[in-house]
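Remarks on the structure that follows.
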Amino acid sequence: MPAIIDKIKRLFHPHSEVFDHDKVFVIFVLGGPGAGKGTQCAKLVQEFGFSHLSAGDLLRAEQNREGSQYGELIRQNIREGKIVPSEVTVGLLRNAIAAELEKRKENTEQGWGDGKGRFLVDGFPRQMDQAHIFDEQVCESKFVLFFVTSEEVLLQRLLERGKTSGREDDNEESIKKRFKTFVETSMPVVEYYKKHDKVIEIDATKSIDDVYTHTSAAVRERLSI
Ligand code: C5P
Ligand code: MG
C-alpha cells in the first residue's frame with residue numbers, strides 16, 4: 001500500500017504500537033505442530049538475517065526460569081496442548097523484540113540498526129486475541145507464512161522428534177490435544193489473515209530443502225531485495 005494511504009488510515013485508526021511497523025518487519029510463522037516452522041526459520045535467519053523468536057521456546061524458557069510466577073501455569077497448558085494466556089506470551093515476545101533491537105542497534109547489516117529490524121515470530125498468533133493484541137499494540141505484522149501438511153505426516157515427525165527432543169508434549173497423547181487446539185483455535189487465525197490477503201501458504205510435505213526453495217522465494221519477493 002502506498003505510504004500516504006497507510007498514513008491517512010493510521011490517522012483515523014490510531015494504533016498504539018510499541019514498535020513502528022515501518023521500521024520493524026514482522027512475519028508470523030504458522031502451521032500445525034511438526035510442520036517444520038523452526039527448521040525453515042533457521043534457514044531464513046541464515047539467508048536474510050532475521051531474528052527468530054519462537055513463542056513456544058520463549059514459553060519453555062520462562063517456565064524453567066527460576067522465580068517465574070508463570071512456570072506452573074505454562075507447564076500445565078503446554079502438557080495439555082492448550083494456549084497459555086495471551087498476556088504472558090505477548091509480554092515475552094515484546095521483551096524479546098526490544099532486547100534484540102537494542103542489541104543490534106549499531107549493526108546496520110541486513111535491515112537492522114537505528115531501531116530497524118526483521119523478525120520471524122514462530123508459532124504465533126495461535127489464538128485470535130493474540131493476533132489483535134500484537135498487531136495493534138506491539139507491531140503490525142506484514143504477512144503470515146503458513147506451512148501445510150497432513151496430520152499423518154505431522155504425527156510421524158513429532159514422534160520421531162520425541163525420541164530426542166526431551167519435550168514433555170512430544171508424546172502421542174499430548175500431540176492429539178495439540179492437533180485439536182490447532183484446528184479449533186489456531187486455524188481461525190489463519191482464516192482471518194487469509195481474508196485480509198496476508199497468508200502465504202507453503203506445502204510442507206516435501207524435504208526441508210524443497211520446502212525452503214518456496215519459503216525463500218516468497219520472503220525474498222516481499223522484502224523486495
Ligand atoms: O510452537 P510449539 O509447538 O513449540 O508450542 C508448544 C506449546 O506452547 C503449545 O502447544 C502451547 O501450549 C504453547 N503455546 C501457546 N501460545 C503460543 C505458542 C505456543 O500457548 N502462541
Ligand atoms: Mg517450534
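Cβ atoms here come from the backbone N, Cα and C positions, even for glycine.
Among the features that TrEMBL reports, ATP binding site is placed at Gly34, Ala35, Gly36, Lys37, Gly38, Thr39, Arg161, Lys206. Counting Cβ atoms from all protein chains shown, Arg161 (ATP binding site) has 14 others lying within 10 Å of its own Cβ.
In this model, the region 'NMPbind' (54-84) carries an average pLDDT of 97. Taken from TrEMBL, the feature region 'NMPbind' covers 54-84.
According to TrEMBL, the ribonucleoside 5'-phosphate binding site annotation covers Arg60, Lys82, Ile83, Val84, Gly123, Phe124, Pro125, Arg126, Gln130, Arg167, Arg178. Summarising the environment of Pro125 (ribonucleoside 5'-phosphate binding site), the number of other Cβ atoms within 10 Å of its Cβ, over all protein chains shown, is 28. When secondary structure is read from DSSP and collapsed to three states, Pro125 (ribonucleoside 5'-phosphate binding site) falls in the coil class.
Annotation source TrEMBL lists region 'LID' at 160-170. With a cut-off of 8 Å between Cβ atoms, the residues of this chain six or more beyond the region 'LID' (160-170) that come close are 34, 60, 75, 78-79, 81, 178.
Broken down with DSSP, the region 'NMPbind' (54-84) shows 19 helix, 1 strand, 11 coil.
Less than 6 Å separates the Cβ from ligand 2 in the case of Gly38, drawn from the binding-site residues Gly38, Thr39, Ile83, Arg161 in sequence order.
With a cut-off of under 6 Å between the Cβ and any atom of ligand 1, the binding-site residues Ala35, Lys37, Arg60, Gly123, Arg161 reduce to Gly123.
Here the region 'NMPbind' (54-84) has Cβ contacts under 8 Å with residues 37-38, 41, 92-93, 96, 121-124, 126-127, 130, 167-169, 174-181, 185 of the same chain, all six or more residues outside its ends.
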